[in-house]
Amino acid sequence: MSSDSEMAIFGEAAPFLRKSERERIEAQNKPFDAKTSVFVVDPKESFVKATVQSREGGKVTAKTEAGATVTVKDDQVFPMNPPKYDKIEDMAMMTHLHEPAVLYNLKERYAAWMIYTYSGLFCVTVNPYKWLPVYNAEVVTAYRGKKRQEAPPHIFSISDNAYQFMLTDRENQSILITGESGAGKTVNTKRVIQYFATIAVTGEKKKEEVTSGKMQGTLEDQIISANPLLEAFGNAKTVRNDNSSRFGKFIRIHFGTTGKLASADIETYLLEKSRVTFQLKAERSYHIFYQIMSNKKPDLIEMLLITTNPYDYAFVSQGEITVPSIDDQEELMATDSAIEILGFTSDERVSIYKLTGAVMHYGNMKFKQKQREEQAEPDGTEVADKAAYLQNLNSADLLKALCYPRVKVGNEYVTKGQTVQQVYNAVGALAKAVYDKMFLWMVTRINQQLDTKQPRQYFIGVLDIAGFEIFDFNSLEQLCINFTNEKLQQFFNHHMFVLEQEEYKKEGIEWTFIDFGMDLAACIELIEKPMGIFSILEEECMFPKATDTSFKNKLYEQHLGKSNNFQKPKPAKGKPEAHFSLIHYAGTVDYNIAGWLDKNKDPLNETVVGLYQKSAMKTLALLFVGATGAEAEAGGGKKGGKKKGSSFQTVSALFRENLNKLMTNLRSTHPHFVRCIIPNETKTPGAMEHELVLHQLRCNGVLEGIRICRKGFPSRILYADFKQRYKVLNASAIPEGQFIDSKKASEKLLGSIDIDHTQYKFGHTKVFFKAGLLGLLEEMRDEKLAQLITRTQAMCRGFLARVEYQKMVERRESIFCIQYNVRAFMNVKHWPWMKLYFKIKPLLKSAETEKEMANMKEEFEKTKEELAKTEAKRKELEEKMVTLMQEKNDLQLQVQAEADSLADAEERCDQLIKTKIQLEAKIKEVTERAEDEEEINAELTAKKRKLEDECSELKKDIDDLELTLAKVEKEKHATENKVKNLTEEMAGLDETIAKLTKEKKALQEAHQQTLDDLQAEEDKVNTLTKAKIKLEQQVDDLEGSLEQEKKIRMDLERAKRKLEGDLKLAQESTMDIENDKQQLDEKLKKKEFEMSGLQSKIEDEQALGMQLQKKIKELQARIEELEEEIEAERASRAKAEKQRSDLSRELEEISERLEEAGGATSAQIEMNKKREAEFQKMRRDLEEATLQHEATAATLRKKHADSVAELGEQIDNLQRVKQKLEKEKSEMKMEIDDLASNMETVSKAKGNLEKMCRALEDQLSEIKTKEEEQQRLINDLTAQRARLQTESGEYSRQLDEKDTLVSQLSRGKQAFTQQIEELKRQLEEEIKAKSALAHALQSSRHDCDLLREQYEEEQEAKAELQRAMSKANSEVAQWRTKYETDAIQRTEELEEAKKKLAQRLQDAEEHVEAVNAKCASLEKTKQRLQNEVEDLMIDVERTNAACAALDKKQRNFDKILAEWKQKCEETHAELEASQKESRSLSTELFKIKNAYEESLDQLETLKRENKNLQQEISDLTEQIAEGGKRIHELEKIKKQVEQEKSELQAALEEAEASLEHEEGKILRIQLELNQVKSEVDRKIAEKDEEIDQMKRNHIRIVESMQSTLDAEIRSRNDAIRLKKKMEGDLNEMEIQLNHANRMAAEALRNYRNTQAILKDTQLHLDDALRSQEDLKEQLAMVERRANLLQAEIEELRATLEQTERSRKIAEQELLDASERVQLLHTQNTSLINTKKKLETDISQIQGEMEDIIQEARNAEEKAKKAITDAAMMAEELKKEQDTSAHLERMKKNLEQTVKDLQHRLDEAEQLALKGGKKQIQKLEARVRELEGEVESEQKRNVEAVKGLRKHERKVKELTYQTEEDRKNILRLQDLVDKLQAKVKSYKRQAEEAEEQSNVNLSKFRRIQHELEEAEERADIAESQVNKLRVKSREVHTKIISEE
């Protein structure tokens, strides 16, 4: 079971596909008693749930859910499955498999709208009778490439499995969608085609262009479009189904080698032609008739000469005419679009509609009988004229052919008379033939279009056959349909139950053959075998005098009483008569055979067919090419060969031929079955009738299919394939390097894997698996591959890291070497010998260079020679290379040619294999036909012999009759005499005879009644004997099953006792859990109190950070001052140093002079003493000065070091604070930028709105002025009209004189009248368009109300989910406490709890992703809404401009009218025309005035709508601003949660696999308890090993730290020894002191970092600071004496460098140890801080999430409002589009007017000179104006079309956005649940972090203690050094004094 987060990819379809996690947990926790929970038989509901009260003596007393107590037999009680099996997706997984379990599982899933359920190897679907969102694009994407067990049941899953099997197994596939009529087969077929067209798209447009020049759609578009076209002409409403397929179709979708769509074709079977002319009351004819009459396309109504009322046409109005679930108008547009996409030419399209209209007219043709004759004659020709016109026929010829057809008698044609009924029959037959042939021709054209000529390899066939039908009136069509379903059910049974078990036997698997009793051969043989129903029907069709009665008698004679499936129906009141009954698998059907012989022969009027063949309509002539009275037709538009003679082929024979082809196709494919179920007969959504569903389940073999799936081995794989794929699970099981058989390898591999070894079997060539095991192996393989890849990555990364480390080591050694050499050079560079060496070495080099030059010359000559040789060789090699390249190219060409030939050969081979398969199939068909023919021939010969015997007997009877006739003649004469005597006696006997005849009749009736009763009793005896045999068999079976039940009952009793013990343990554990829950609640309160304290601490820390920032600034200023003082001190020190060097130089000169004057006098000695005393004095002064300088420098240095250390530490802290603040600053900047952008967009929108308002106000004022102008114009026109009327009297006197001119100008008048009529018609069209738009507005508002109701339902569902979520959280807490308390006793339960918590962490992560997705979607929504608002405003401006243009055009029209009136006044020649024109113009003006008033009303409505829009836009802008704020808050949450995500990712990945394993283990815990315990023990051992490993790791870490400390101690001891050895080395001590100073500063920084947590170390730090001050004082003393020992320092520097290197190594190790301590400490603090931060963030997030959810709800409501507004705008745009179309028509009319005017101008030039010139000028000006208007209208039309497309796109986006908002609300709700789970996990992490911090703190204290000991040892060493210094000074003074 996948989690809710994994189901998120299905979008809004998820709740309709799989139970939520909450429901699954509730089902597992639901109380359930396996002993008492049962189903019991109920007379009304079939089965009901009940609880057992008692069991006594084979009787069970139970209490039903309704509260009723019932007592039933043991065999009427069925155990109930545990709650975890509620709504299970695969019913084969049920513990108890029986009818009530299957029924209730389907019912509960159906109630939750999960309509798809697996039933073993096939899928069951229940018709929902409503639209469900489970077929959209995201669901298609989610199912793509998914295994069956990875996704919920769905028709897409079946389709994808078929597609994957085709690609992997390289075998053709078929999907058989079966079920009764109305079960949903057609819808599922459409979804299958939609799926294949989506996943296997080619994306290429077809290259062909039709005659209209339009490019066709892609192949996938055409495949999808074929469906609506075929549905329009082949689907109709029936009693059980509003969209029932009245024909069968087998759609083959062909794929190429890469799995892409290659082509497709469709085969159709048995279109129900009779529906064209006849329908039952509750049914209707084919959809296309009602689509045409829906008036969606008025041009069709005009073209077909029909009305929009179906009741005007007899053929289509015998039943219902409307269907509530079908919109005929929308369906007409879809049909018309499909015709265009599928490449029908315009002529073909028109022909299709015309022929459909002609069929409707055929039904209205009337005929009557001639007086005193039986001959028929037409009763009116109007309808016939229409039908003939539509078919391009002569009406008279058509009527003559119908009433007087020509019949061929011998070699001559004779005219035959027809009665009225015969004519009506002929008309109906022709209508059916035309419709049927047109349908088959359309299928042929579709196949031609779908055949792309691309290479194709395999196909997937989808079968959609009309479902099983049981009507009140069942005819030949129903028999064919039901027979087809019988054959398909038999194919299913054979495939599922027979072939499957034969495969087991063939593979050598131990298997006991199971007979499921699903053989339907008896019924099939009754219909199709020789002397069956079809055979007798075809035989009767051969005899010319055969009737329905003779056919019925033959059926009774042949089958009644001989076949159990053939029965005589019982008469029922109120139902049509039935002649025989057949027992089908789905029920007993009563058939009426009236008219079967005519239907089967399907005769046509050959004379009318001849007219059709000669029709000018190409399509009609093509339909009847080569047709005769009875046609040979092939299904699917393919003409098949004739079977029965050359004259005709019957309908039943053709049907059987096509059915056999279909079954052959299906047998050559791998089938996939989908069983469709009708839930109820009333088409009510959500309701299920138990008895109806059970009947279908029994008939469809659902239970048997589940049993064979459970008992058998549905999954199988070849040994080699298994070894190749699953070797990775345990590679060591199959030894490398040696040959091993694939079977043995598979056996070893499976034996080494930890799975149930009873779940698979080994066959001869394959290994067989039970259901579900192969999926488990796939999961294990995926886990293994993930481990191997992870390990490989780790090894690669480790290798790369080691290589990099080796490079670093080498680089370090090189640097040390360079440093050593440079230092050595610096020491010896002033040595005189070295200087001499530097001078001599270049001289030596010059001599060496001369030698080298000579050598180089020799080498140069040698290399020159070698170069010449190599050049020669190179040329030779290049020549060889050229030849080799030529050879290589030749070889490549040969290889390519061979490869091409090989590919051609392979293709030919494949084609030959395919043709071989096809030929084999044909051979089978031919052999089957031959066998049928032989059987029929044998039957006919037997009949012939029988008839010959009867003829001979009849001849004998005739001879006997002739002899008796002669005797009678003789006796006649004798009797004549007797008759005379007896006449008198006859009169007396007449009365007696009358009495006797009455008695005879009564006796005959009684005799007939007794005969009937006898026949019925015999039938009963036969049926009773058969029933007795069956019952005896059932008794035997029941006795065997009773023994099995007893055994099972004993086992169940044992299991019951065991479960009772488990129940007691579970109850005890529940009590413990409740106690632990109370304790945890108390802990939770404490933690919440601690969290509040931590929050206050965080606020204090933030305040401290602000103070530290201020202090940083002050300290920086102080640092700058100290640096200036240091610079001054350095300058003074340099000056003193210079003086000291001068004095030392003078001292040296004086000493040299003293040595030279060694033998000087005493005076000189005294002088020397004086000078020496002066020198000593100066020296002391110098020393005191230097000491003072040193002291001041030391104090400054000390202050500087203190301040630097302190500031450095503060800088580090502040640097971190600064980084954090900079990060926050950047985040705030981003938020500010977003806000600024939002503000800009809002301000822009506001500005646009203001502009729009101003524009609208300006337009309003302009419209008012225009209105006033129009009013003035109207007044002028009325005045002109009055004036013209007064002048009309005067003009009438001149009428006679101008008759000649009137005749010439009448043409102009006619043109103007046409123009006025066109304007009238356009006005009417505008009114119609307006009413249509108003209707669309109403429908959109209704849709809006529906959406609002749906939203409220969603809100209620969401509230319900929240309540369920809180309940689930409480249950999670209970489970958690249970697992924590029972951790030691129940390790397994503890692990499960841990994994569940890990799963919740994963859920939290997925919810985070959902929140991120919602943030992005909300941002997109905001931007899109803003853009749409702007676009809509622009469109409104455009429409206003269009209105203004229309007004301008209106004024132009008014000007034109005024000009023509002026022409009337100027030209007396046009007197009469002007009078009539003025009258017509006045009437037109009145109409225009009315239209103008209507336009004013529309303008007012537009103003109101604009105001509403402005108000809504302002609301939207406010919502957008609020949404922006919410989005920024969500982005903050997103960043915080992303940080948490990175920390939790690793833990989630580790826990994911184990969680699924543990959940599966919980489900099997009752049956696998022992296995689970062993698993637990193993896992405990693994955990112990992990703990031991962790301990070892910690011990190693401690040991490494101890070793580093030991190394540090050793280095300290070495340093002490070095100090003792080098007592005079004061420079060494200075370096050590500097190092100690650095160490002290480092310790100070470490101390201050840990100051908040480790307060107890404060005392140690104070001691360290005091020791630092002492060291600094010692440093000052050392520096004062350093000047005296400078020479000694120079001598000892080399030694110092060696010791320095060893010292640095020790120091580095010490630094590493201290860094480790610091790292541990920082980790500890970071964990604590993280804990605090997360706890505060969680509380904030919870509050913010509630606000966000509320805001999202508001945003959704506003989005809905925006959608309605957009819909209104779209409607307005549609009005404008209609207006533009109207203007386009006006443009065409004006162009026509220009042409007429031009013609009139030519004529007027001949009649008038001056007046003509004026008229020409005016007309030219008029032409120019009209051309300008035409151009402007074209531009406006283009703009209107663009605007329309844009608005349509926006409406779609808004609807999509609404759906996105709903999804986001659901995601947010899930996020709340997951965040609550996350809080608990964080608390647990915080506790672990506290434990870890305590461990780290103890380690730190120990290391700190060791560090203090090391510092004490260093202090001791320094004190010893000081003592040595004192001694050295004393020794030095002694030496000086002695000198």
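Glycine is treated like the rest: Cβ placed from N, Cα and C.
When Swiss-Prot is compared with the stretches 311-325, 761-775, 776-790, 836-850, the one noted as region 'Actin-binding' is 761-775. Swiss-Prot assigns the feature region 'Actin-binding' to residues 659-681, out of the candidate ranges 153-175, 176-198, 659-681, 682-704. Report note: the ATP site is defined by G179, E180, S181, G182, A183, G184, K185, T186, and the residues of the same chain whose CB lies within 8 Å of the CB centroid of those residues, excluding them, are N127, N241, S244, G467, C676, I678. Remote same-chain residues near the domain 'IQ' (785-814) are listed as 728 (criterion: CB distance under 8 Å, separation of at least six residues from the stretch ends). DSSP assigns S1096 (phosphoserine) to a helical segment in the three-state reduction. Listed in sequence order, T125, V126, N127, C676 are the same-chain residues six or more apart from G184 (ATP binding site) with CB atoms under 8 A from its CB. Mapped onto three states, the DSSP output places S181 (ATP binding site) in coil. Taking the C-alpha positions, the distance from S181 (ATP binding site) to T69 (phosphothreonine) comes to 38 Å. The candidate set comprises the binding-site residues G179, G182. Of these, G179 has the most other Cβ atoms within 10 Å. A straight line from the CA of S1096 (phosphoserine) to the CA of T69 (phosphothreonine) spans 65 Å. In the domain 'Myosin N-terminal SH3-like' (33-82), helix, strand and coil residues by DSSP number 3 helix, 31 strand, 16 coil.
With DSSP classes pooled into helix, strand and coil, the tally for the domain 'IQ' (785-814) is 30 helix, 0 strand, 0 coil. Assigned with DSSP, the residues of the region 'Actin-binding' (659-681) fall into helix, strand and coil as follows: 9 helix, 8 strand, 6 coil. Around the Cβ of S181 (ATP binding site), the number of neighbouring Cβ atoms within 10 Å comes to 23. For the region 'Actin-binding' (761-775), DSSP puts the residue distribution at 3 helix, 6 strand, 6 coil. Looking only at the domain 'Myosin N-terminal SH3-like' (33-82), the predicted model's pLDDT averages out at 89. Set side by side, the recorded positions T69, T186, S1096 differ in how many other CB atoms lie within 10 angstroms of their CB, and the most is found at T186. For G179 (ATP binding site) paired with T69 (phosphothreonine), the C-alpha to C-alpha distance reads 37 Å.
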